[in-house]
Every structure is written in C-alpha cells, then in structure tokens.
Amino acid sequence: MLSGLPGSAGTRIRRLWYPSGRRTIVFLVSDTDVRDVHTVPTRAPESAPTRPIRPTHPALTPLGLVTVLLGAALPMIDFFIVNVALPTIDRDLRAGPALLEMVVAGYGVAYAVLLVVGGRLGDMVGRRRLYLWGLAAFGLTSLACGLAPDAWTLVAARVAQGAAAALLLPQVLATIQATTSGARRAKALSLYGGTAGVSSALGQVLGGLLVAVDLAGTGWRAVFLVNVPIAAVALLLALRTVPETRSPHPSRVDVPGTVLLAVALVSLLLPLTEGRAAGWPVWSWLLPAVFPFAAAAFVVVERRAERAGRTPLVPPSLLRLRSVRSGLSVILPFSIGFGGFMFVVAVALQDGLRYGPLAAGLALVPLCAAYFVASLAGPRLVARFGRRVVVAGSLIQGAGLLALALVFRTQWADVSAPALAAAMAVLGVGQGLVLPTLLRIVLSELPATQAGVGGGAMVTTQQAGLALGVATLGTLFLTLLPSLGVQNALIVALLAQLATVGLNVALTFRLPRVVR
C-alpha cells in the first residue's frame, strides 16, 4: 500500500507497507533516481486478527494419575465413613440424634455449596496449587475431627472438612481434562468414575473395620485420623508428579453468583437433612420456600454476567451443551438413589440384622468389587455402544435392587451370605456401568478452559444428589421404621430407589447417542 501521492518527478514516496509487517522506506529524487532504500522492522497492524494459542501442559504420568485419584477418594470416602461409626460417636460424646445428623449433613452441605467455587479458584490460581492446599486442609481438618472433645466441636470440624474437600476434588477432574487426551483421557475418566463409586462403598467398609479393630483405643476417632497419613503421602507425591495447569484466561470469582448458589443449596439441603432429627421446626418449613427464588435469581444473575462479558460462576453456555445438560439430569437421580441406598443399608444391617460395624461394612465388598470391574470395562463398551451402556447399566442396577428386596423379603430371619453377596454384586455391576459413563459424557464437550468450573458443577450435582438421597430415602426409611419395622421399611426404601432407576432410564434417551 502506497503512502503519499505519486505524480511528478518531484513527488516524494515516503513509505511503502507490506503485509509482512516490515516497512520499506524509499526516498526518491526523481522517477528513475533512487538515492536510498532501507527496511526497518515494525509491528503488525493492530487490527490484524490473531488466533489464541491454547497452552500446552505436561502429560499426567501414571503415578500422577494415581496421586490425583487418591485425592479424589478421600472426600468421597469421608462422606460415608461415619455412617457405621455414628452409634459409637453417640455413646462417647452423648451427641443425640440432631447433632449426629449434623455430623453427616454439615460435611455434605459445605462440600456441595463450595464445589463450584473450588473449581473456579483452580482455574484462576492453578489446579495443582489448589490441590495441594486442599490436601493440606483436608488432613488438618481430619485431625481436628479425630481430636474433637465434644459433639459441637466435631460438627464444626466436619463443616471445615467439607469445605477442604470442595477445594480438593474439582482439581482432579480439571487436571485430567487438561493433561490427557484421546484414549488416555477416556481411561483416566473411567478410573475416576470407578474411584468415585468404590470410594463411596469403601467408606462404610473401612469405617466398620476401623471401629471394630479399635486402633490404639481410638475407637470412632480412627475413621478421621486415618486420613492424616494418607493426605500427607498424597501431598508428597503431588509435589513431584502433578503438573500445574490453569485456565489461560483466569477471571475473578463471581461473588453474587456464589452467594445465591450457596443460599439455594443451603435452603434446600439443610431442612431436608436436619428437619426430621430436629422435630421439623418452623425454619425447616420456611427455608425450602426460599429455594425457588434463590435458584431463579442465580440463573438471572449468571445470564446477565455472561451477556455483559464477565465470567459467571456457572456459565449458562455450559448448560447449552447437550452432553452437559443431559448428563447432569441423569447424574442427579442416580446420586439420589446411591446416597439413599448406602445410608439405609448401613442402618438396616446393624439395627435389623444385628450386624456389627465390621460385618455391615464387609457386606458391601461384593458391590465394591463388581463396581470397579464394571467401571474398567466402560471405555471399550462406551466406544462401541454409546449411551446404551447407561441404559443397560440402569436395567442391571434395577435387577440388583429387586434381587436384594427379594432376599430381605424371603430370608430376613436368616439371610444367606451367598445370596446377599450375589445381589450386591449385580447391583455393583449396574452402578459401575452407569456413573463412569455419565461422567465421561458430561466432560466430552467441555472446553479445556472451563474444566475446573465444569467439573465443579458436575461434582456439585453428584454431591447434592447424595445428600438428597440421604435426606429423602433415609427420611422415608426412618419414618416408616416405627410402624413397619426394619424389614418392611427397608423393602419400601429399595423399591423407592427402583423408581429413581426408572427415571434414569427415561432420561437416558436425552443423552448423545455417540460418546466421544
């Protein structure tokens, strides 16, 4: 492009631009006499479009994957590990039903409320850094739980432990998303899904074992103290094996969205988890009325933030992805059924069949083993059959629930260990096919820059479902207990969970047919 107007021999052509971004300066005395030509570098025109370069991160090594999965297992184990220890905690601390409920619910509510915030913070300041902070905080709060001198201190420490778990867990999925791809990512997500399910069941097995063994006279305190050395080992491994990743465009935390999401979740979860034990006071009826208004306000605020170019806590654009929207809609009822089942079975085996804590935990071992094996088969099956794996897994899960109900209906006086183990194994196979596949579906279209917040939203849905399962199916079981007895109340709860499985099957047809 010429700068200057050519005309007579006396006209000076001062500058000549080339698209390369270098400027050639030409001084002319006449049309034929070039006295000086030289080239100087210059910047490319400001308006030239540039394509953002996606940052590359070091690949996650096998030991690094084991390390982050270990960090993922700790929060999941601790949601359930206290179930079989509650009677012992009650005797030792004279806690009473209301405070015992808060030991469970305080952890779950803090965990669910802060998960998305933890994911966003990881995107901002670095996922490895938040993972390390979360591990350290989880170990310290576990120590506080184990040393608690009274029930109120234990409740406060459990709330803090739930907050630490919310910092820790979202970094696992985000790190896997950012440091793996293709078949390695599919396998890593499958292992994560297997870890999620096995850890939930393993929590009750480990809790029963630790209470029964009574390590060094610690009793129930061991279920919390055991986390301290595990967190320390994971911390040391993470320093050497987990690469740092973060969003290339970090943004501030969406404070209005965070507050509204917290209000919505607390107004829903707190009365459901605490209302029955507290005798259904007035606040337990008023708080649920707040939920729809807080949820609607959250949606409005997030949409406005995204339209204004700010970064919302949960970008509404994520929910426009079919894989995210449909996957979360199936994860919620699955988690409700899973959480309710774990709570109800723990109580029924101890109060109804008079199993000790260890025996009640060991009864779930077939479920754990079958779940893990099925989750390992998931990647190959999903690549071939897509969403049909979720349908098949849900149907197998339903068959396992019916088999359990039949065992408890016909053999209550003398339950056959092989029959119970077989029914548990069938149930575990179904669950192991469903959850890992759903996790992979949700993450399949998620942008790498939003791995933290997307993973946080998914785990929030899962955690809220687990808490709702304990609150709804658990409350149903405990309410029916005085009038129907343990056997019939358990069977009703199992059939209620079967209804959530039916809902899963119906919602599955909204999932993408092919899973990438």
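Every residue, even glycine, has its Cβ placed from backbone N, Cα and C.
Nobody curates TrEMBL annotations by hand; they come from automatic prediction.
Source: prediction; values computed, not measured.
Restricting the average to the domain 'Major facilitator superfamily (MFS) profile' (64-514) gives a pLDDT of 85. Summarising the annotation, TrEMBL assigns domain 'Major facilitator superfamily (MFS) profile' to 64-514.
Per TrEMBL, the feature transmembrane segment maps to 63-86 (among others).
Look at TrEMBL and you will find 98-118 (among others) tagged as transmembrane segment. Cβ atoms under 8 Å from those of the transmembrane segment (98-118) belong to residues 75, 78-79, 82-83, 86, 89-90, 130, 134, 151-152, 154-156, 158-163, 165-171, 253, 258, 261-262, 265-266, 269-270, 273-274, 276-278, 313-314, 452-453, 456-457, 459-460, 463-464, 466-467, 470-471 of the same chain, restricted to positions at least 6 beyond its ends.
Within the chain, the transmembrane segment (130-149) has long-range Cβ neighbours (under 8 A, six or more residues past its boundaries) at 68, 71, 74-75, 78, 93, 118, 121-122, 157-158, 160-161, 163-172, 175, 218, 221-222, 224-225, 227-228, 231-232, 234-235, 238-239, 242. According to TrEMBL, the transmembrane segment annotation covers 130-149 (among others).
Non-local neighbours of the transmembrane segment (155-176) in the same chain are 60, 65, 68-69, 71-72, 74-76, 78, 99, 102-103, 106-119, 121-123, 127-128, 130-131, 133-135, 137-138, 140-142, 144-145, 148, 185, 188-189, 192, 242-243, 245, 439, 443, 451-452, 454-456, 458-459; each lies 6+ residues outside the stretch with a CB under 8 Å from one of its CB atoms. Here TrEMBL flags 155-176 (among others) as transmembrane segment.
Among the features that TrEMBL reports, transmembrane segment is placed at 219-239 (among others).
Annotated transmembrane segment per TrEMBL: 251-270 (among others), in sequence order.
Remote same-chain residues near the transmembrane segment (282-301) are listed as 254, 256-257, 260-261, 263-264, 266-268, 270-272, 274-275, 312, 316 (criterion: CB distance under 8 Å, separation of at least six residues from the stretch ends). According to TrEMBL, the feature transmembrane segment maps to 282-301 (among others).
Nonlocal intrachain contacts for the transmembrane segment (328-349), taken as residues 6+ away from its ends with a CB within less than 8 angstroms of a stretch CB, comprise 80, 83-84, 197, 200-201, 204, 319, 355, 359-360, 363-364, 390, 431, 434-435, 438-439, 442, 457-458, 461-470, 472-474, 477-478, 486, 489-490, 493-494, 496-497, 500-501, 503-504, 507-508, 510-511. Here TrEMBL flags 328-349 (among others) as transmembrane segment.
According to TrEMBL, the feature transmembrane segment maps to 355-377 (among others).
The transmembrane segment annotation in TrEMBL covers 389-408 (among others).
As annotated by TrEMBL, transmembrane segment applies to 420-443 (among others).
As annotated by TrEMBL, transmembrane segment applies to 464-484 (among others). Tertiary neighbourhood of the transmembrane segment (464-484): same-chain residues 79, 104-105, 108-109, 112, 200, 265, 268-269, 272-273, 276, 331-344, 347-348, 490, 492-493, 496-497, selected by CB-CB distance under 8 Å and a gap of 6+ residues from either end.
A contact links the transmembrane segment (219-239) to the transmembrane segment (63-86), because at least 3 Cβ pairs that are 6 or more residues apart lie under 8 A.
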